[in-house]
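**Student:** There's a structure below that I have some questions on.
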């Protein structure tokens, strides 16, 4: 799948912060002008007119107009007539239809995100598995797998908008309705100005019939604009929800595709924070913010254009202050973007601490460390609060400065407009239209200011997300050779393998490790603790690749095989099986290639073979019993038998087994061992042995010590070596006698 073309997204692309001369930074001026009360300009009565009604607003506006006229010099006779016309305008505006300001301040509510599907189906692969356009370059050879900043490429804003490409038709329709509603809304000041001129220049003419018809016509037009605005909001909100859904699912898919070494170095809490908090923050930038930002941008553009149409001189005078305010806006936006990234990093640390402590609450309770952990978490949250104070201080300074600039600009417009009226370069209707357009532009660019601020915060969080979305896993996910099923035997061989964990490259685990496991045989792997027995199983599953040497399956290097196919042929039962927080039936069905197609009869059959049916039927809900997080509601023996049933349902050719019967009581130990014996029948088995009976029944025993196989043979052969490591382990009673 190729990347999205740029043309449908340019309509949605915000101005770049690197171009201070463009429209966006003007938001600072008019946002503050529309928010900060106390201006003595007459047309600030437009705001109280909406709050208090026409009468008080009209009286207040007339009084302010008179105060303004008394301080105006050189206005001539036009000034007196102008302020009276302005007072009339305030009364008309206060009685105007409320739909004119529909949605000016109150944005749409936060959307609920639909539940994401697990990224395993064809639909997910279409956009998450094969989208080369959203991936960055491959990691360099020296990369250690940590999260790093995304590689330089497309601007992050365009990457963000690239997520909207599948919604291009809905967004294009929304932009069309947005244009319609904006044009209708922004045409009102022009026609109202013409009406004022008619009223002002012909006060004795009976114009009530014409005025009624005109107002009814404008009301119908406003209704059309309101309908278009409602459709625009619906289309933008539903599209935004889909975009966020796609973002979260794509991010989850990218996380699951990473190699295991990545998870060794990246904390789970950090990933959860990115999947929840960062996507929510970025989602607000795309959903709630994008719709209002587009509307505000369209209205601001039309409003500024009409200001130039009404009075180019006055519009040029007003916009001459844009460059210095733009510089302030750019500096503030960049600072806020960096601060947001640092804040999200700190929040991720707090989330990591909480996730780890809550997940291990039994250990915390056993050591009585509740208060200690509370203090640690409070310290992390306090650091987030300190960063929030910095953001609040920056926002206060920014909006305070731009608010002062906005009020000064309003005062300048009144002064300059009065001079133009006095010199007969403007009529009262034109000044009224200009002031109304300025008011609309102030509201619209106020929305753009908020949009810009939220966009910078979203991009700050987005930078963290692109690190994950663009990170290429070092091990292939679903690529490689698939062996012929008919000729597949399951013979395994390690040859001159050297390996160290990527998180600890200075500590070698294997040095010239070699081991051959014939097809259909049972090989017991024994050795002292920490000798690398569990690492052998990890290498066979290709969770890691060796630094040198080869691991082969039926003579094929497993690095050439498809990892998904390879793991589908291998079953595992670990010392401490991990179960999911769902029903017993769902945990058993997890071993199948397609869990949704597994029947209840198949689940019951493998449960019987695993000696699990008896205790399952004792539960009130039977196979529908929920086992709790990591199977915490089950005993060790019960979890072992469910894990064995899960492996039986998978029906693997190769079985990797880490015996864990030493922690079980005699009855559970017998039941688990009997189930394991059934599971091993007819398969190539590599077992980390803890039981003497398993070792005796194994075809071969391999003794692992200091990264090498030091002894290899049958139980009796190894026991006959008086100075051998195996004999020493037996003398220390390292194995269970049963």
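Just so you know, glycine gets a Cβ as well, placed from its N, Cα and C.
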**Student:** So which of 265, 708, 728 shows up as N6-acetyllysine in Swiss-Prot?
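**Tutor:** Residue annotated N6-acetyllysine in Swiss-Prot: 265.
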**Student:** Kindly point out the range from 121-144, 145-168, 169-192 that Swiss-Prot annotates with transmembrane segment.
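**Tutor:** So the range that Swiss-Prot calls transmembrane segment is 169-192.
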**Student:** Would Swiss-Prot put residue 348 and residue 193 on one side of the membrane?
**Tutor:** no
**Student:** Based on Cβ atoms within 10 Å, give me the single least packed residue among the binding-site residues 530, 532.
**Tutor:** 530
**Student:** How many of the residues that make up the topological domain 'Mitochondrial intermembrane' (417-430) does DSSP mark as helix, as strand and as coil?
**Tutor:** 9 helix, 0 strand, 5 coil
**Student:** Nearest to residue 532 (ATP binding site) in three-dimensional space, by Cα, is which of the recorded positions 265, 582, 658?
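**Tutor:** Closest by Cα distance to residue 532 (ATP binding site) among the recorded positions 265, 582, 658: 658.
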**Student:** Do any of 265, 530, 533, 534, 535, 582 (recorded positions) have a CA within 10 A of residue 658 (Mg(2+) binding site), and if so which?
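**Tutor:** Checking each Cα against residue 658 (Mg(2+) binding site), the hits are 533, 534.
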**Student:** Sort residue 658 (Mg(2+) binding site) into helix, strand or coil using the DSSP assignment.
**Tutor:** strand
**Student:** Residue 535 (ATP binding site) to residue 582 (S-glutathionyl cysteine): how many Å between their Cα atoms?
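**Tutor:** Answer for this pair: 29 Å between alpha carbons.
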**Student:** From the centroid of the CB atoms of 530, 532, 533, 534, 535, the recorded ATP site, which same-chain residues not already listed sit within 8 A by their CB, in sequence order?
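**Tutor:** Sorted by sequence, the hits are 509, 527, 531, 536, 704.
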